[in-house]
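J.: If you scroll down you'll find the structure; I have some questions about it.
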Amino acid sequence: MSFIKSLLLAAAAVASVSARRGPEPKYPPAAGTSSYCSYWVDYEGDKSCSRVLEDNVVVLKDFARWNPTVGADCSGIKAGNSYCVEAFGEPEPIEVTTTTRAATTTTQPTATTTTFANGIATPQPTQSGMVTNCNKFHWIAEGVSCSQVISFQKITLADFVKWNPSVKSDCSGMWAGVNVCVGVVGSSTDTAKPTTTAPSNGVVTPQPTQPSMVTNCNKFHWIAKGVTCQQVISYQKISLADFVKWNPSVLSDCSGMWAEVQVCVGVIGSTPTTLATTTTTAGNGVSTPLPTQPGMVTNCAKFHWVAKGVTCNQIYSFQKITLEQFVSYNPTVKSDCSGMQAEVQVCVGLIAGTTPTTTRPPTTTAPGNGVSTPQPTQPGMVTNCAKFHWVAKGVTCNQIYSFQKITLEQFVSFNPTVKSDCTGMQAEVNVCVGLIGGNPTPTQTGNGIATPTPIQPGMVSNCKKFHWIAQGVTCQQVISFQKITLADFVKWNTGVGSDCRTMWAETNVCVGV
């Protein structure tokens, strides 16, 4: 799993869909946590241990191994601690054998022996053109890169390509869903030798590295997919100037930083420049974290970091302020939010609690119903609405009704012009997400099971167990986590296709009938 694991929407955080996740822990890690941990969940006690595992697509065995304070029955998880949910590069505790992929009705056939009587059982399927004297194998899950394989197996790229020629020197030919060779019979070159940054400097440099990295580096940071310069320098408490000096090819705007390489975050004999905070105006007593949104007011007392992909609506909804207040604190954001920059601090509260009044006056949906309706609204919205949601640009139907814990059917019944496929939903309007007197209960299917929506096209009608497909999740992760076969998964969700290439993200799939 990459740093991805994709960042949650701030709006989802408000609803406590799951705890905050990220490449650095917010809370103290539990004692004995794996030193290989590359992704964390900050546990606040609002979910069960099993829900934490499901939300992060982690099995209990791995979770307990990475977090020794967690018991084999998922006991021992405590609020106020950060727990590891990914440990990239950690050696497997049990040697992989050919019995791990038993013969089933899935597309993965029973392991067979290789030819030429070398006596080594070769798990199937394999990378095309793989050598016949292989004695060690690695399963390529979807999304895994050459760099991850050779780093984890401690082999060189040259050996990897030699043993798997069809992979090609640039790794463009590596397949997903196959076994590749990572060791051969009688080979003494199956372990990559670590290199030093410069002769006799005494520092071992992990590979691969960012091109043109300085030779006197003594501290390194692995760049997972999706990680930004700002996250690295903030976590390492170094300045952007030092980071670029030690990694020149990154460039001053960080556009040259590679993913899945080591970068330098400290050098021999150097005390790195630390990132200092400044005050917004001399004498106001408030420290302002940098960098900030251009034109931000000088009397700001509360700040919010704008991660890539975050919208205005997510910020002011999470901070419980209005769009008008947000724009008045950060004028260059503009009323349509087109001017908001990413990876800067924005102001979300003023000194002494000054709060500009909203410029969007409420009106009532109909005379006498007693509910004030914020304007503008989705055309055709029902007149007995009691709860509203502002639709920012780029927000989808699914994000709204999932956040509000209602069904698609309810959402469309409250806002008919949205249409069942959501093509009619307008941006920058208020939609209805709750009625006066409460919402009607969702309609159950004939089997008595309420089916969450939206669903994967082609899902069977007798499904009893469902799994939400977050962005970036693969079929392999789902079937491994749910302990089902690929054949059953495809049978219950015919729309995913036999090779799972048409599985939709942000839908529910069937994992039990």
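Here the Cβ of each residue, glycine as well, is placed from N, Cα and C on the backbone.
Keep in mind that what you see is a predicted model, and the values were worked out from it rather than measured.
I grabbed these lines from Swiss-Prot:
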- 357-367: compositional bias 'Low complexity' (COMPBIAS)
- 38-85: domain 'LysM 1' (DOMAIN)
- 136-182: domain 'LysM 2' (DOMAIN)
- 219-265: domain 'LysM 3' (DOMAIN)
- 302-348: domain 'LysM 4' (DOMAIN)
- 387-433: domain 'LysM 5' (DOMAIN)
- 465-511: domain 'LysM 6' (DOMAIN)
- 357-377: region 'Disordered' (REGION)
- 1-19: signal peptide (SIGNAL)
J.: Looking only at the domain 'LysM 6' (465-511), how are its residues distributed among DSSP helix, strand and coil?
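T.: Breakdown, helix to coil: 18 helix, 9 strand, 20 coil.
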J.: Compare 136-182, 219-265, 302-348, 387-433 by their Cβ pairs under 8 Å to the domain 'LysM 6' (465-511) and return the stretch that comes out on top.
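T.: If we count Cβ pairs closer than 8 Å to the domain 'LysM 6' (465-511), 136-182 scores highest.
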J.: Which value does the mean pLDDT take for the domain 'LysM 2' (136-182) in this predicted structure?
T.: 84
J.: Of the residues in the domain 'LysM 2' (136-182), how many are helix, strand and coil by DSSP?
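T.: Secondary-structure composition of the domain 'LysM 2' (136-182): 18 helix, 8 strand, 21 coil.
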